[in-house]
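Trainee: Feature list, courtesy of TrEMBL:
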- 29-96: domain 'Thyroglobulin type-1' (DOMAIN)
- Cys66-Cys73: disulfide bond (DISULFID)
- 86-109: region 'Disordered' (REGION)
- 221-231: compositional bias 'Polar residues' (COMPBIAS)
- 221-249: region 'Disordered' (REGION)
Amino acid sequence: MFAVLVQGIMRNSFASDGSDSDSRREDEANDCLTDRQAVLDEQKAGGPALYVPECTGDGRYARAQCYRSTGYCWCVHQDTGKPIPGSSVKDRRPDCDAAPQHASPMRGCPEPMKSAFLHDLRSFFVSKMTSSGNGTGPGDMVKWGASQEEQAATWTYVMLDKDKDKALERREWKAFHQLINNVESLRRCGRKLPRYCDVNHDTKISITEWMACLEVTQASQGQTTEVTKAPSNPRRKGPNPLESILKAD
């Protein structure tokens, strides 16, 4: 569903150049959904049970992952799916933090001004998405299982991410500033938002950091599905995360 959403968004991008390379990068962005679907496609063949990733509605890895046939669950980095060492537990779900925590308040935008700003900003994103007419209508939101605010926040992120590298870099922050510059209620705190969202100070904003600083509540897509059989030549990409989990503990 997220792939369909992205394709609809890019048909009406702020400044899309329509290049083939952009289209290819769009298809490569859905790591968790692609990984999950590949494993589900393999379940009809013979072999041992496989771990099936759980994904959020916007295509990232759900923070908590479980391998039901073993009873192990663990926390992961949502952008990469990489397990967090020491987080695995058995026969229960781990207590994973919902999102990265900010070490300091937003400078120049104190509470309760920040709360009002974020509310207005989320509403602004919803308005922009709704008026864009790019196919992300109520029916799409029902299929995706996302709230309107979650979908609008994702839509805006994809629009701002011009090079489709799943990160908003400093040159792309300028597009955000231009987007809100004419809205008086958003201008003051909006100037501070990109730096505030960049929790790890790498001058890039991941989708996880973006959702966290906007304080958007997200829904998970589907439950972990037990795969009973595996093919002789599985197509799943990357190492089995369970191996590192068991070694770490």
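Cβ atoms here come from the backbone N, Cα and C positions, even for glycine.
Source: prediction; values computed, not measured.
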Trainee: Hey, does DSSP put Cys66 (disulfide bond) in a helix, a strand, or just coil?
Mentor: strand
Trainee: Summarise the model's confidence over the domain 'Thyroglobulin type-1' (29-96) as a mean pLDDT value.
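Mentor: Within the domain 'Thyroglobulin type-1' (29-96), the model's average pLDDT equals 82.
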Trainee: Would you mind checking how many other C-beta atoms are within 10 angstroms of the C-beta on Cys66 (disulfide bond)?
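Mentor: Other Cβ atoms found within 10 Å: 22.
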